[in-house]
Each structure stands twice: as structure tokens, then as C-alpha cells.
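Listed features, source Swiss-Prot:
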type	residues	note
DOMAIN	32-166	domain 'MARVEL'
MOD_RES	SER9	phosphoserine
TOPO_DOM	1-35	topological domain 'Cytoplasmic'
TOPO_DOM	57-68	topological domain 'Extracellular'
TOPO_DOM	90-99	topological domain 'Cytoplasmic'
TOPO_DOM	121-141	topological domain 'Extracellular'
TOPO_DOM	163-182	topological domain 'Cytoplasmic'
TRANSMEM	36-56	transmembrane segment
TRANSMEM	69-89	transmembrane segment
TRANSMEM	100-120	transmembrane segment
TRANSMEM	142-162	transmembrane segment
Amino acid sequence: MAEFPSKVSTRTSSPAQGAEASVSALRPDLGFVRSRLGALMLLQLVLGLLVWALIADTPYHLYPAYGWVMFVAVFLWLVTIVLFNLYLFQLHMKLYMVPWPLVLMIFNISATVLYITAFIACSAAVDLTSLRGTRPYNQRAAASFFACLVMIAYGVSAFFSYQAWRGVGSNAATSQMAGGYA
């Protein structure tokens, strides 16, 4: 029968040390911001903010078309913020069971289609809802322009998301080194 050792080395830790380790693991990946996906998401956030800020500064609640534009712009802006933070802090790697390339492709295609409808609604309603040369007219026209730009940005993201989903132009080594968002 083996004897029980007289000396046992133990190591204790406090709960604060464990919490500190999980907070330090949540560091931003600045390589993501320099990637195509990160740059396009930042562009979508800036342009989307311009769209809904310009519309929100007019009496949009009087016209249903602008209610739709506001819904699309704010909803997609918020979802893009969530996705941007998931990728910035590499939280998508912790949720490995989610097929992120497929999720991004579906989101970007849906966002493109929604922004197409918002752009058409916004630009078609400019002349009908305000007098040419007035401040609301200029804001709504500018919102139409930025809605077109953000629609193009989501379209480009949809194209790159489709390529990432299909695995076009990458191999296992480069996609691992680039963190999956080359």
C-alpha cells in the first residue's frame, strides 16, 4: 500500500484573479480593422449613421417612406455594430459552432436588398415631401446619396462574403494566418 505524502503543494487563487484573466483576453484585434471586412464594416457604420442622422433631423414621421428608411438604416446600423464587435474582439472564434461566413453572407445580401428598397423609397420621396432648395429637401437628398453609397458598401461586402463562404482565393494556411477575414 502506498503511503500518503506528508507534504502537498497547493496553489490558491482569488476570484478576482480569475476575472482579471477573462477581461484581459478581451483585447481588440487591430488586424481586423485593417482587413477588407473590417474596413467595409467601418464604412457601413459611418455611412449608415449619416443616413439615419440626416433623416432623423427632418420631420420623417409624417411620411411612411422615411419611416421605412429609418427602420432599415437604424436596424442595419445596430446589427453591423454587433457584428463588428464580434469580429473586433474575436468573439466569433469562441462561438465556433456558428457558420460565420454563411451568417455574414446572408446578412450582407439581406442588408443590400433592404438598402436597395430604402434608397428607392428615400430618393423617390424627396421631391414629393419637401420643397426644392429647403433644408429638409437637402437633407433628404443627401440621405438618398448616402443610402446609395451604403447600399454599394453592403453589396461589395456581400460579394466578399460569398467568396469567403465558397473559399475562393484562399487556402487553409493564409486563412488561418489572417484570422479568417483576409
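From the backbone N, Cα and C atoms, a Cβ is placed for every residue, glycine too.
Fair warning: this is a prediction, and the values are worked out from it, not measured in the lab.
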DSSP helix/strand/coil residue counts for the topological domain 'Extracellular' (121-141): 16 helix, 0 strand, 5 coil
Helix-strand-coil residue split for the domain 'MARVEL' (32-166), DSSP-based: 117 helix, 0 strand, 18 coil
